[in-house]
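Below you'll find the structure, written out as structure tokens, and then a few comments.
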């Protein structure tokens, strides 16, 4: 599946968008040196220090004593106590998503309920990608809370995105041929150009630019104030969603052809009849047409999810032989992380930004939770309404209803984890998830991209069958 971990440091802090240590803040912020921004910055503000009744928020460590007197003269900034603390719930959320990714990758083949939906509809696996993109957005708000030099921060974001994109090309472009072949190398005429890490890189870059440049100077006292302060970011999200929807339902999709290699050196050619607008089926949708036109059909994913549909598999909803009357498009390449569908992936990341802003501007747990739950339930409700009227939830196309449903679910899950871990302190049971969340990219590369299995199978005695797996009793 995927992961969303990118090293995202700037002059004000260091973060992993999708996996980031960063800063969390109070509503009224105290200026502090940039060097103090490496982790979550826990600094008492003048207004928060000594509040009667105590303060039990993240930024302040332990609650203040009940009835503590308010200091008449606040201490200078240099004299205020400062500590650092990670937003543990974000690490745990990321770790849970990593574990879910591993489970659906390994168990999805024999448990269709865990595998990706063949086309329309949602399964557990279909939540993994949006969850990571949502985490990227939340992390970015913590990384870019203060940006002394916007141009420098933008330059670093571009370089970071390029590194992640190139890593995705190596891991998912076809360079590694598989666990059993123990070979490597890729034909540049057939390299897969898009992929999971490439999509995350694109969404990260656009969201980072929005967070660096598109912030208002308005004060935030209530939830509605966030709409005014970040109105330009919301406008970008609305424009992207509108453009995507117009293209998906308005572009004309002509007939097209493709070829696949048959037994030996034979080549089979297929012709797909379309000539329609607004079709969201596997064969004639605008998402696939844009990828075939811009990227080229040889650079798309060659094991499309719709190969498990009723039209294309006798063993539906599992992979199987083609039915005798299978349509011509069943074996055509289709990239689930294509160009046009990545537009809505950016929107998911922008939604994550808005949830991160709530951490930045609201001190109290109650305020944060209320301002997270309200949009989460609203997005879920709107998603089901859109699905009901015909704008179906579809992961390969990354439709608007799919975007809203998965972002709403991500918001609810993150809120629940936050309440358990950061509010009520249930830390010990979540330590494994926290560790996985901190090392998400490493786990993705080693496990989800089969680097570790290939390494294990690649060490053998005389015959490749005599590898380490056989030595430890697992079998070759």
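FYI, residue positions are counted from 1 along the chain as it appears here.
Backbone N, Cα and C define each Cβ position, glycine as well.
Range annotated as transmembrane segment by TrEMBL, chosen from 44-62, 63-81, 177-195, 196-214: 196-214.
Feature transmembrane segment, per TrEMBL, maps to range 339-360 of the set 317-338, 339-360. Within the listed segments 13-31, 127-145, TrEMBL records transmembrane segment for the stretch 127-145.
Beyond the ends of the transmembrane segment (339-360), by six or more residues, the same chain brings 24-25, 87, 129-130, 133-142, 145, 194, 199-200, 202-204, 206-207, 210-211, 223, 226, 229-230, 233-234, 236-237, 240-241, 243-244, 247-248, 286-287, 290-291, 294-295, 367-368, 371-372, 375, 379, 396-400, 402-403, 406-407, 410-411, 414 to within a C-beta distance below 8 angstroms of the stretch.
Residues of the same chain lying 6 or more positions beyond the ends of the transmembrane segment (234-252) and with a Cβ under 8 Å from any Cβ of it are 210, 214, 227, 275-278, 280, 285-287, 289-290, 340, 343-344, 346-347, 350-351, 354, 397, 399-400, 403.
Within its own chain, the transmembrane segment (157-176) is flanked in space by residues 6-8, 10, 184-187, 190-193, 195-198, 200-202, 204-205, 208-209, 212, 445, 449-451, 454, which lie at least six positions past its ends and keep a Cβ under 8 Å from the stretch. Residues 1-4, 6, 8, 17-18, 129, 132-133, 136-137, 140-141, 144, 147, 150, 153-154, 157-158, 160-162, 164-165, 167-169, 171-172, 230, 232-233, 236, 337, 342, 345-346, 348-350, 352-353 of the same chain sit 6 or more residues outside the transmembrane segment (196-214) yet have a Cβ under 8 Å from a Cβ within it. The predicted model assigns the domain 'Heparan-alpha-glucosaminide N-acetyltransferase catalytic' (86-209) a mean pLDDT of 90.
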